[in-house]
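Undergrad: First, the structure itself, so that you have it in front of you.
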Amino acid sequence: MPWIQLKINTSGNVAEQLGDAMIESGAVSVTFQDTHDTPVFEPLPGETRLWGDTDAIALYDAETDMNDVIAMLEQEPLLGVGFKHKIEQLEDKDWEREWMDNFHPMQFGKRLWICPSWRDIPDPTAVNVMLDPGLAFGTGTHPTTALCLQWLDGLDLEGKTIIDFGCGSGILAIAALKLGAARAIGIDIDPQAIQASRDNAQRNGVSERLELYLPKDQPADLSADVVVANILAGPLRELAPLISDLPKAGGHLGLSGVLATQADGVAEAYADKFTLDPVAEREEWCRITGQRRAS
């Protein structure tokens with residue numbers, strides 16, 4: 001059915017309060033987006049951050065009297081009488097179908113494809129990972145995930161062990177297994193990521209070769225031929241002593257989730273143990289790779 005959309009510009013520090021008021025006025029959902037499309041990359045630990053200039057967007061049933069809604073919201077001290085707003089009629093669509101139509105098989109490197117389950121596989125002879133887009137974890141569409149997948153495709157993984165540090169959906173570990181790795185270990189702080197990785201590994205027929213751990217449960221003596229960590233620059237710097245010890249001597253390390261402007265700081269944290277390659281960039285993001293030197 002059609003909907004009515006109400007958009008109100010506000011500041012991040014009162015956005016949630018405004019959202020509550022919109023729900024009380026009859027909205028069936030409220031979302032927030034940055035007015036200027038400025039990304040928030042690294043909130044501080046424990047911080048749920050909204051932008052300084054935020055749009056609160058509410059959806060109402062098509063039968064809603066928006067004059068009544070506006071009159072009710074004008075009673076809110078943070079808005080007041082005559083507050084600026086925008087009302088739009090949204091046409092009825094098959095939103096699920098429209099969402100699905102946006103995702104297509106994607107190729108990374110020479111051999112590797114990531115394919116949504118509802119699409120035909122473009123090349124049955126290629127290395128195909130079946131992975132459906134989700135809300136929280138990597139699917140290959142983000143530049144950092146793409147950089148890591150391309151790197152894995154270019155390695156000789158046959159018979160190797162890989163650690164995916166911050167595994168999310170498990171996409172990198174699963175891709176490595178499909179590319180020939182004998183064993184993969186996924187580590188993530190989020191139990192939902194562990195479950196998502198487990199489900200995706202089962203779908204791709206590699207669950208018997210994938211071990212998954214929360215950090216508190218991981219074995220103390222972990223090591224691997226290849227280690228990939230697609231997280232963020234801050235954790236990569238802070239966890240450098242831990243991550244640096246995971247690759248075996250001569251093993252490969254791949255780091256991403258790093259803005260190009262942050263590359264030097266992250267690389268410096270790993271330079272004492274690794275011979276680093278030139279930084280690879282995609283859009284505003286980069287990938288740092290290297291090989292561990294013998295102790």
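Glycine residues also receive a Cβ, built from the backbone N, Cα and C atoms like all the rest.
Since the structure is predicted, the reported quantities are computational estimates derived from the model, not experimental observations.
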Undergrad: Given that Swiss-Prot annotates Thr145, Gly166, Asn230 as S-adenosyl-L-methionine-binding, name the residue from Asp120, Asp188, Asp190, Asp199 that shares the site.
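TA: So, going by the record in Swiss-Prot, that would be Asp188.
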Undergrad: Roughly how wide, in whole Å, is the group Thr145, Gly166, Asp188, Asn230 that binds S-adenosyl-L-methionine, by largest Cα to Cα distance?
TA: 16
Undergrad: Under a three-state reduction of DSSP output, how is Gly166 (S-adenosyl-L-methionine binding site) classified: helix, strand, or coil?
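TA: Note: Gly166 (S-adenosyl-L-methionine binding site) is coil by DSSP, not helix or strand.
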